[in-house]
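Report on the structure given below.
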There are 4 protein chains.
Amino acid sequence: MCEPMLHGENEESGLRHYCGVFGAVAIEPWPTELDIPRIITLGLVGLQHRGQESAGIVTTTGEEGQFITKKGMGLVEQIFKNEDMIKLKGNLGIGHTRYSTMGGSELINIQPFVVNTAHGKIAVAHNGEIVNAPALRHKLLKSGVGLSTDSDSELITQFLTHPPSCGEPNGANWINRIKSMMEVATLSYALLIMYKDVIYAVRDPFGNRPLSIGKILPPSFKRMDLVPDEDIEGFVVGSETCSFHTIGAKFYRDVLPGEIVEISKSGIKSCGIVPRPNGQLPAFCIFEYVYFARADSVFESQMVYTARQRCGRQLALEAPADADIVSTVPESATPSAVEYAKTVGLPYTEIFSKNRYIGRTFIQPTTRLRQLGVAKKFGPLTDNFDGKRIVLIDDSIVRGNTMQALVKLLKKYGAKEVHVRVASPPIKYPCYMGINIPTKQELIANRIPLEDLPQHLCADSVKYLSIEGLVKAVQEGIKDNGQAVGHCTACLSGDYPVKLDW
Amino acid sequence: MCEPMLHGENEESGLRHYCGVFGAVAIEPWPTELDIPRIITLGLVGLQHRGQESAGIVTTTGEEGQFITKKGMGLVEQIFKNEDMIKLKGNLGIGHTRYSTMGGSELINIQPFVVNTAHGKIAVAHNGEIVNAPALRHKLLKSGVGLSTDSDSELITQFLTHPPSCGEPNGANWINRIKSMMEVATLSYALLIMYKDVIYAVRDPFGNRPLSIGKILPPSFKRMDLVPDEDIEGFVVGSETCSFHTIGAKFYRDVLPGEIVEISKSGIKSCGIVPRPNGQLPAFCIFEYVYFARADSVFESQMVYTARQRCGRQLALEAPADADIVSTVPESATPSAVEYAKTVGLPYTEIFSKNRYIGRTFIQPTTRLRQLGVAKKFGPLTDNFDGKRIVLIDDSIVRGNTMQALVKLLKKYGAKEVHVRVASPPIKYPCYMGINIPTKQELIANRIPLEDLPQHLCADSVKYLSIEGLVKAVQEGIKDNGQAVGHCTACLSGDYPVKLDW
Amino acid sequence: MCEPMLHGENEESGLRHYCGVFGAVAIEPWPTELDIPRIITLGLVGLQHRGQESAGIVTTTGEEGQFITKKGMGLVEQIFKNEDMIKLKGNLGIGHTRYSTMGGSELINIQPFVVNTAHGKIAVAHNGEIVNAPALRHKLLKSGVGLSTDSDSELITQFLTHPPSCGEPNGANWINRIKSMMEVATLSYALLIMYKDVIYAVRDPFGNRPLSIGKILPPSFKRMDLVPDEDIEGFVVGSETCSFHTIGAKFYRDVLPGEIVEISKSGIKSCGIVPRPNGQLPAFCIFEYVYFARADSVFESQMVYTARQRCGRQLALEAPADADIVSTVPESATPSAVEYAKTVGLPYTEIFSKNRYIGRTFIQPTTRLRQLGVAKKFGPLTDNFDGKRIVLIDDSIVRGNTMQALVKLLKKYGAKEVHVRVASPPIKYPCYMGINIPTKQELIANRIPLEDLPQHLCADSVKYLSIEGLVKAVQEGIKDNGQAVGHCTACLSGDYPVKLDW
Amino acid sequence: MCEPMLHGENEESGLRHYCGVFGAVAIEPWPTELDIPRIITLGLVGLQHRGQESAGIVTTTGEEGQFITKKGMGLVEQIFKNEDMIKLKGNLGIGHTRYSTMGGSELINIQPFVVNTAHGKIAVAHNGEIVNAPALRHKLLKSGVGLSTDSDSELITQFLTHPPSCGEPNGANWINRIKSMMEVATLSYALLIMYKDVIYAVRDPFGNRPLSIGKILPPSFKRMDLVPDEDIEGFVVGSETCSFHTIGAKFYRDVLPGEIVEISKSGIKSCGIVPRPNGQLPAFCIFEYVYFARADSVFESQMVYTARQRCGRQLALEAPADADIVSTVPESATPSAVEYAKTVGLPYTEIFSKNRYIGRTFIQPTTRLRQLGVAKKFGPLTDNFDGKRIVLIDDSIVRGNTMQALVKLLKKYGAKEVHVRVASPPIKYPCYMGINIPTKQELIANRIPLEDLPQHLCADSVKYLSIEGLVKAVQEGIKDNGQAVGHCTACLSGDYPVKLDW
């Protein structure tokens, strides 16, 4: 018999990203009608899946220009109305989109932050989480600085401005300041720092969070690959390349782990790479491939969609099932499911119709309705599975509530068997690098022994992809370009890139 | 060369439904924890795709009970918070979800309407549009009634209450009143009328708008088809059966064209069928199959998803294409596309990743960005189609702007050829039966000759499903149950079920 | 010892008006820059004290023009922004401001109502309450009309449109319709009815609610009394003449009890007077003088401020006190207090400083703070009364909580004695004519015997003005113009103008 | 002839305060039901006239307790609902109310600020403006601190935390830190600094902004002056003593210019006085008496109301007028007007009825209506002044628009003469100490020569109180307690307490 669902749980509590960052710069001579604030807004819309609760943009006309700031709670397109577009002026700017707990007072935490320093104003947008924040905080407070938030981003900002020790007789040397910050804080961040008419794009030495650069094409381009470089009108930099599509930009290259890239009206310049301690490998978050990133983004020269397909194929090899059809929990598991089906030779069949209009305010159901809550979002396509044995593919299982509810729903509506296959390994450990994972106690992989999972989920069998299988599936698509390759699997394996000693 | 996009158009302006209706009744003895207001709320969530701008619910405890009303602007789950659930009490009730132009003053138009009559209060929820409204309005005003809105629903309501001529010596005879209303207003409505402890479910004689009845199962049911009838705890009635899944209800039967069904704590009773004039066939809106309904709904004993699959197969037979892959404009065209691919023997491949977080407030783009607006919603999965010949399936084309933008996007990102195939015929005529269609001048089928469409859409070929093909694909799945079968194709053919003489 | 304050009571629960009405018409030739919608808005601002929770305006360009409507919740200036002023066009219009319980769904009740009738559209704004509403409702429902609200205003509207029996071969005869409505509904209303390019201003036969007409002066006028009649640019009509000041209008005359006045671009025309039943006297609400009206309004040819002064003088004659200073509960009791002081020969001294920024959301105080709640609104000017014997004048006492709290506050801050004097008689009976009075049980005059009042209020003595004294004080300022004079004192005496037989 | 009103001006643009501060501490043993968060809320309600656009409260349970913060836009009672009162816990806390330009992003500026320092968290609330802010800012940035706002309050906060130079081997010595801040920033602030279980109340050496201490009385007190000191339950500290009335607190003493007072559960302790540079006199803002403070507040041992009365008397001596009546622009000029009338021997008569319901959103009137705009707020009591010669007293004139409009209004409604008398001298200079004054060009005293003012204001004569007269009127009520007395008259005389050298 199936176990009862835990009271008070809901299907919402999965993994959650903290942020996405996006910047844009027009190159000289400034193309008419190249509207940088609008480009940043649209870029943030393309990163909306990385944070839906607040967003901010800071623009400037450069050298002598003021910073113009607009922030708000809600989706990007709700915050930036046309009237804001008129106020937000400039030839360069940076933006940020973010997940956060609600509440007016949280407005103080919306990025980018603008800070006055002895060397002028800077604006900072940050995706990630400083692993050794407590130690750094302590150091900063001791030096006499007051901190008004608990955010890592304020920490980074004060670390950038504080130490006048860098020795800069001829004015501000931000590259040295950034490097000295990177040496004490090695994990994890993708940073955009705007100063006068320059944006510095920075990735931590482990490359834990993604950051890519693109070129803005002229409006008349017919085919992206036919635009000559001298026609490029500007540069963009953002957490994911999917944000480039909306504004007609072409992917150029990733910011490398540890690299500082200077972007200005004169073009792009690498300002060096801060090395990893002890010659370690990079540690790019493998869950960006599994779950977080949008399928049309490109990391390490491969499309996320393709990596997910390979995960599905690998899963089919590791954990085939005797069944009639293969299906998916829409939408992110679909590439894995289609490939799994092809590999095992079973028909791929849709079994759920998704309700696109689920609001954010949830009605607390009575006990009798809670079990059916999942049907609000996933309507069963009954004729497609009635009396059949189903392989149901999902990209990951966090707490397990949604999966349990889905399996029960399928059985109530006539499924003969349900075999759950997960295109990633069990999640067991917390992430301290920018991802919000439920507590260890809430993770189903820690709560229920693997052998008891089928009964718990009411399924006929439950199997995961292995860690090795996932790493293999992800890495085999990365073209050899001489760069070291490495991925963080801490939430799956417990192996963190740096020692956690607090 | 491709034609430029019309200035000021946007991809939003498609077809739009006006409404969905939903009702629920608990049967005696009232099951504990059977929460009728919550069931109606969840039912409306399941009908959210039929109207997202406002919703309302009226409940009552029956015979002597008061009507309790809650209405609001926005999505169902935004309007009905937990605190409302406490206030909304009762063993029966009806609800309505609706598309409307925004504006506080529009609150007056949110249904259900509650009206005091000489025979007591009634509440009315209506989906559809009265074809001969102008004539009926005139008649009613002449009799001395003042009308405070322009809505058909007020018209229906006053027609139900007004004529005391039905001769009812022993109190209210609502069935006679409803019948006499149906005789003067033959098109189009699915109506729920609540009076004391009874809900009357009514469909116009042509059955133009859908309305189905379901049975509420006990919470413990394991398999829907194993619940005996004596365990049924209540009844629901709604525009689409997809609304039954969320609340654990089992589809029972459609309300027939012209039928009045009485639903109460004692069960269900048919109160007769008002015949169509001149023995005409029914005229169920064929676009419910093509576009409006959710794929997991069942009409005329067949799942909408399956009908869409047959449309895809029929389209493949009528309009094959020489290409490398078959793909879809997600999400409603997917069943057609998968079936088209199978029929022509080409691989089905996803080419777009959908951005689920597009807000409702649109930033007015500059000319240079307008063309790329479609990429906000559809991110290209470039590796999946680069250098390939694509068959792109859509369920319908209204103004053509989205399709033009999608084709251009695909070509910019490397598609070699794009062959557009539409799983329904060209839309050419207005609907006067509850669907909001752009003006004749805006419909692409009236603006651009079929032979010029490829050039206009920048596509290599464009083909539609024929009207006959659509009717065949829809009707061949309807099991012969002795009922007459017929569908309204007015927006495609210009053949309206009744003569339009105003 | 003073009695403890009743738990849960608050100082807010006094008497409350339901509404104010205002209309304006430009006369031909239409003066340029005479902005009728803005004039109505400003007129409603001048009536804001008669209702602060919602307001509405309907305008028209006359004969063939459409009605344009704007309504909303909140204060007039919050609802009618500049952008609304552009949409609201026309040469005539009517408006309404209203008190109501909050709640979005209440929008349906915001006036003016616009109704389609067989004879065209009318718009109706109503101040008052139909005493025999239940009987009229019953009659209307029986004739087959459905009513969608419980409001008297819908009742009036349907009664105006319903009976086609008035015999009108040559089109609409609204005057006859209005008269026939007035014959069945004699109490109480001040009505504005707009039809095509005419506004009908109507007062019930008892003249219970006020309604006055003013002339719009040209902008250049230096002194109101020097503007010749041929320069008049339009007419206004409103519940109180204080609404005329804001828009530069000059008081012309009252609409008489039972009178119908037609106002149009051609000027003003009386359409006759519907007589009171059985030759009764008029019954103008005496509490308009005591409390409701603004001090700068003029009724029956006298300024309200002056009538209040006479109430203070009369109170001094009826109930003098041995004390050191005379003071007031600001602000409406000030004219009475100043005149009382002058009559008894004591100095008038301010003892409270009023906090103008009390919000509408009240923090529920703990028991220890509740007693001091009144100090939020009234700050004691301690040096002005420390060690002194005070006569404290208020215009009326409803529940008595505020007065009890004020007396306690004065004593805590050093007052030696406090003698309460009330410039109106005890309120004992409900009003069915448009005023919201707390229940009989809540009225202090019904709860506490007069002789126990000093102890209850912690005062050294408490005295009221007599009913005769109030009537005398009010009537002696009315110039004899041949009109019958009479006032409704029902809430004080229990003598209602008509028999209440429901 | 009167001059036309300047286009685009409005009567709203007067002087504006920036802030009010309030703190409260319960003394041991903590009295049950002494609700500190509620006391702070009510205290802020009593300071609402010092800032209506946002407010904040920070509370703590002391020593080890966390700081709990609640902030918001709007009036105090709109921000602090009952549900907030539950969350805000503690035995001590500070609050702030503030005027600011609107806008969500301004939330970042709402006080109190909470800052983490090397010595723990502090919360800071500030009223005033740092005169030498630019120099201090520069100094702070140079030392490597980043500043994220332009506010003086962040400046103060960082100055308090930054210099570790105070030498504190045994932990935090906040008193030394505060003193060292006060030595560099001498003007102007009333500060509340909360650290662990202590509140430091600080006034700048010139005493420019007010700050007073009160004792919380037990709930049962009958007369304030009879409560023995051992019954005192706590302490409050706030910008004005009018805030003490609401919460049953008794004025104890002012914080002296330059003094630091420590308030804790153990009681009150003076921590010394930082002297003024060069033995200067104090410079308490004289406009607190004239306009800003509530009439029931006590400064320097005298009630503000009484000081205003003396201003009226002095004005009568300096500038009598030959007239029939004396009246006031309600409400703040009333004490002066009543005393002026008594001194010159003319009757005091009200001539305006104030509309209490003027919203904050103003409709832009047409030219023809602009002149009458003032009548929205001030309704003329025509019978009281028709045909009479009026002396109209106001407390101050800033731009002059309101006064011009009022005089015109009176004349249009029949006033024979209007003699304007102002109970303070002409305002000519900017304030850099916390008051928002219109630009020099906008001040009427700089725009119109005194001799042209009658014509400009359409008045028959216009006279101001002299600076000497104002100082005399204010100072003659201050009891000699050995303290130096001095007032800032910078906005009138141009004599600033410190040299302005930026």
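Even glycines carry a Cβ here, placed using N, Cα and C.
TrEMBL: automatically predicted annotations, no manual curation.
Here TrEMBL flags B:CYS19 as active site, nucleophile. Marked as [4Fe-4S] cluster binding site by TrEMBL: B:CYS285, B:CYS431, B:CYS488, B:CYS491. According to TrEMBL, the Mg(2+) binding site annotation covers B:SER332, B:ASP394, B:ASP395. Look at TrEMBL and you will find B:19-266 tagged as domain 'Glutamine amidotransferase type-2'.
TrEMBL feature annotations superimposed on the structure.
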residue: B:CYS19; record: active site, nucleophile; Cβ within 10 Å: 25
residue: B:CYS285; record: [4Fe-4S] cluster binding site; Cβ within 10 Å: 27
residue: B:SER332; record: Mg(2+) binding site; Cβ within 10 Å: 22
residue: B:ASP394; record: Mg(2+) binding site; Cβ within 10 Å: 19
residue: B:ASP395; record: Mg(2+) binding site; Cβ within 10 Å: 24
residue: B:CYS431; record: [4Fe-4S] cluster binding site; Cβ within 10 Å: 19
residue: B:CYS488; record: [4Fe-4S] cluster binding site; Cβ within 10 Å: 25
residue: B:CYS491; record: [4Fe-4S] cluster binding site; Cβ within 10 Å: 25
Rounded to the nearest Å - Cα separation of B:CYS431 ([4Fe-4S] cluster binding site) and B:CYS19 (active site, nucleophile): 15
Proximal to chain D - binding-site residues among B:SER332, B:ASP395, B:CYS431, B:CYS491, CB under 8 Å: none
B:SER332 (Mg(2+) binding site) and B:CYS491 ([4Fe-4S] cluster binding site), distance between Cα atoms, whole Å: 20
Non-site residues, in chain order, whose CB comes within 8 A of the mean position of the CB atoms of B:SER332, B:ASP394, B:ASP395 at Mg(2+): B:VAL290, B:TYR291, B:THR328, B:VAL329, B:ALA333, B:SER336, B:ILE393, B:SER396, B:ALA423
Spatial separation of B:CYS285 ([4Fe-4S] cluster binding site) from B:ASP394 (Mg(2+) binding site) - C-alpha basis, Å: 19
Residues within 8 Å of the B:CYS285, B:CYS431, B:CYS488, B:CYS491 Cβ centre (excluding the [4Fe-4S] cluster site residues themselves): B:ASN208, B:ILE286, B:PHE287, B:MET433, B:ILE435, B:THR489, B:ALA490
B:CYS285 ([4Fe-4S] cluster binding site) and the residue listed as 'active site, nucleophile', distance between Cα atoms, whole Å: 14
Cα-Cα distance linking B:CYS285 ([4Fe-4S] cluster binding site) and B:ASP395 (Mg(2+) binding site), given in Å to the nearest integer: 15
Local confidence of the prediction over the domain 'Glutamine amidotransferase type-2' (B:19-266), expressed as mean pLDDT: 87
Pairwise CA distance, B:CYS488 ([4Fe-4S] cluster binding site) versus B:SER332 (Mg(2+) binding site), rounded so that it is a whole Å: 21
